[in-house]
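A.B. asks: Reproduced below are the annotations present in Swiss-Prot:
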- Leu19, Gly20, Arg21, Gly22, Val23, Ser24, Gly25, Val26, Val27, Lys42: ATP binding site (BINDING)
- Asp141: active site, proton acceptor (ACT_SITE)
- 396-518: region 'Disordered' (REGION)
- 396-405: compositional bias 'Low complexity' (COMPBIAS)
- 419-449: compositional bias 'Low complexity' (COMPBIAS)
- 457-494: compositional bias 'Low complexity' (COMPBIAS)
- 530-550: region 'Disordered' (REGION)
Amino acid sequence: MSNQRVLYWPETYNNIKELGRGVSGVVYKASHKKTGQIVAIKLVDMKQSKISTEQIQGEIRALLTLNPENERTHINIIKLIQCFIHKTTAIFILEYVDGGTLEDFMYSFERGMPLSLISHCLYQSVNAIEYMNSKKCSHRDIKPANILMLRNRKPKLKQQSEQQQQEDGGYIRYSGQFQLEPSSQENNNYQFDPDELPILKVTDYGYASISGNDSAEIHSTLAGSPLYMAPEIIHIILSPFLEPGTGKLSADSSEGYNPLLVDVWAIGAVAFRLITGDDLISVIFPNLNQTTVLAALVNLAKMIDNGDFQKGLDSIPNEIRKYGLVDPDIELGISFITSLLQLDPKKRLPLKETLNHPFLAKGKLSFTQTLNQHYKDNKDVLGSIVPSDISNFLNQNQQQQQQQQKSFSTSSLPQVNHNNDTNNNNNNNNNNNNNNNNNNNNNNNNNNNNEKDKDNQSNNSSSSSSSSSPPSPTISKSSPSSLSSSLSPSSSTDDLPKAMKWSSSVKPPKKSNFAPTFLSHQRSDKITLFPKLLPPPTKDAPPLETMNWRSPPVEVGDSITWTTLTQDAIFQVQFSVLTSFLKVISASNSYQFRIITSLTKVPLEIAVSNHKDTILYMYNIVKSVIAPQLISLSNAFDENSIRSVLAAILYQIGTETEQAEIANCWTLV
């Protein structure tokens, strides 16, 4: 199977240059062949991408919600011009934002930004998030790298010949007299000018969530970047590591979090970094074990329980004052930050009130002045185009769920409740392994969502940058007239013999005396009747003799369980760990892969195989019925053998330089 990424390019656009890339896709600067309009085109390979179909659906749904057809788009929200599906490529035509990211801009200051400039930037960011929340949309990954800036609008002009192109206001004109003179920086990023403050755009909606009713839905899936992640997410997702009987931030809190409130926390964390130049967590918890992301987050979760986290939050005012900032508005800035960084989500200042906070008063004034002086004639009112294939794609999971519910309506399987991360009641497991059966050996495992590649300064609106670049994609030109929204693996059984059925085994695995450890916090009643609940094998199924289903499922008794991206709270967002495991282990048949459900109070093993391709195929079959699932790896269920496996994996990571830095000292090994 080829590891080469194949992406289809829309024929109506000229490819100017690549802006940035990540494991989820590539972003290009392009121009429309007829109009010359400059755009950013994001291409996502749905066949090999490390993100799930649900995540792509969520991003499309969020962009469509925030870019209503034939209506003016909010100035601080990235504009969606068009989106469609062609074969295995999701294509996003987005507004081209040319001034780099707020993350890049921060580094032009030695230590923190001027408070008036911070107020200007935060007012726009809060304005955008408040608008999103009014649409029942939460971003869930607010950070400086996901906030873009328009570059300066008043550069010097210089003469140019008629043969040269003119780039002005987002268009290429093929006959003209003048050309905008590039700034001193080669990339034309926004450069600080007190007479022309920047316009910001919130982007990257890969983890966005849409609530389907008037009341905010409760979520329990991990989303966001560790340095800006709200404590309720850390605490709830990692609750299995904590002592029994704990796991709630307040007496009336439920087992989940309100996604509309996590954005408020993120804004506070961003404000802290803009003022001090340092990350919140590193400052208020200087002794935190940050050897790995997992270790750091588990320790933070424990600190929430024992009260140390609250002590860290209480230290914020004094920590900010230690920077010796000489500005009369510094106390207003401290008040602004502490009103947002509240441990109890319900005590955080609502966004509507945040917009009226005294610290943002100067920002509101400067933002209004900037619009009047430099964007008064901006008449970009293009509406988003929504082809029918996108509507079909967004409804795909809902239709599948309805069919499954109809098929299993007479089953004795207990009801399992799922939280809705999208408007169409999608399961909240965020199955990042949805396409792994087509990408088992993909080497693009540096999925760092917290550190944007500096090449993404113009418009990395979609993907976290990789710490090492994936292989260049093959761009196939194709006409949008032959669009297709088929995303899922083939499930047709027309060519299969009618007698083809799953085989099963009741042989239990060997148990140990150690208690199992799982990252999933979700528990419910027993699950039985496998594999009767499963759809029949498809024509592309691996040999049935390589599959072994447990019927009924058996309890898992060994203590070490390696999880996939699907339910692993850390790796789901940041790292493609499963592929690294498979690359090392696949050469040996002595290791057994297991599919485990953590929906039950006692984890159950429901399938095993010694073949990596088979286990991934079985995994994609299982997740259509029950989620979330885990894939475990062991050798004859001997815990000691795992150590040699781990050593091999660490060696592999070291030789391939796959170690990923997540910010100041956040490292995964």
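Placement of Cβ uses the backbone N, Cα and C atoms for every residue, glycine included.
Please go over these features one by one and say how buried each is and what sits next to it.
C.D. replies: Under the DSSP three-state reduction, Gly25 (ATP binding site) is assigned to strand.
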A.B. asks: Expressed to the nearest Å, what is the distance separating Leu19 (ATP binding site) and Asp141 (active site, proton acceptor) at their Cα atoms?
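C.D. replies: Spelling it out, the Cα of Leu19 (ATP binding site) and the Cα of Asp141 (active site, proton acceptor) are 21 Å apart.
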A.B. asks: Report, in whole Å, the straight Cα-to-Cα distance of Asp141 (active site, proton acceptor) from Arg21 (ATP binding site).
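C.D. replies: About 18 Å separate the Cα atoms of these two residues.
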A.B. asks: Around Leu19 (ATP binding site), how many other C-beta atoms are within 10 angstroms of its C-beta?
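C.D. replies: I get 23 for this one.
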A.B. asks: Work out how many Å separate Asp141 (active site, proton acceptor) and Val27 (ATP binding site) at their Cα atoms, rounded off.
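C.D. replies: Cα of Asp141 (active site, proton acceptor) to Cα of Val27 (ATP binding site) measures 19 Å after rounding.
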